[in-house]
Amino acid sequence: MRGRVKNYILEKIREHGAIHMTLIDPEKTTPEVAARIAREVAEAGTSAIMVGGSIGVSEAMTDEVVLAIKRSTEVPVILFPGSPTALSRHADAVWFLSVLNSQNPYFITGAQMQGAPIVKRYGLEVLPLGYIIVGEGGAVSIVSYTRPLPFAKPEVVAAYALAAEYMGFQFVYLEGGSGGEPVPPKIVKMVKGVTTLPLIVGGGIRSPEVAKELAKAGADIIVTGTIVEESENIRETIGRIVRATREGALERSRE
């Protein structure tokens, strides 16, 4: 059914106030490990699993990880492709993203042009996403030729998010970069104040406290990835972040 994953995401946000998604990078895991991670994070309450991130990922690698995840859990699998080669016909949907503050047109429209026919051929549900890199940005800013937007200029980040809405994107994503500093709550709050789009925040989120503050500030979706690669007890770690995310959204609703 067209729009099934989008409707699922929006319904989960309505139900919980804010939700959590787990990012699994095929380059940093094996299908067997990915399946175990997926099962544990799903049991902990994550609402969807994103697959992707790195640029050196082939379709075969993505296929193997996606299929392993889908055999182990029923939560939706959404592709988060670092390049057009990282698409899989077996996923439930794809974040069809444009890096809005890239200085290289390839990451704004070029890769999207290359990937669009593949997405259509595979029949993937498309989730149009305006992707904005802020703060240090980490490796993703280097790879995508992006000048990250400084934390000290939240109004510029908000303007990009508003532009994403006016350009027709259905979601907006604030990326702090893997392993870097998380996006500050003040930026999240300002962005949420100018756009009606569901707001995704990821990068550098390593604790329930940070997840709670970001959800309280306006994040509708919290994404974590590195933390599951490092955690010795994935179910407990993600469970705490899921609960904190929902608590933050509840506090926001009471303000």
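One-based numbering along the chain as shown.
Keep in mind that glycine also has a Cβ here, set from the backbone N, Cα and C atoms.
Computed from a predicted structure; not experimentally measured.
Taken from Swiss-Prot, the feature Mg(2+) binding site covers Asp25, Ser54. Long-range Cβ contacts of Asp25 (Mg(2+) binding site) within its own chain (separation 6+, distance under 8 Å): Val51, Gly52, Gly53, Ser54, Val57, Gly225.
Here Swiss-Prot flags Tyr173, Leu174, Glu175, Gly176, Gly177, Ser178, Gly179, Gly203, Gly204, Gly225, Thr226 as sn-glycerol 1-phosphate binding site, drawing on sequence analysis. Sequence-distant neighbours of Tyr173 (sn-glycerol 1-phosphate binding site) (same chain, six or more apart, CB under 8 Å from its CB) are Trp95, Leu97, Leu129, Gly130, Tyr131, Ile132, Ile200, Val201, Gly202, Val223, listed in sequence order. In this structure, Tyr173 (sn-glycerol 1-phosphate binding site) is part of a beta strand by DSSP.
The secondary structure of Thr226 (sn-glycerol 1-phosphate binding site), as reduced to three states from DSSP, is helical.
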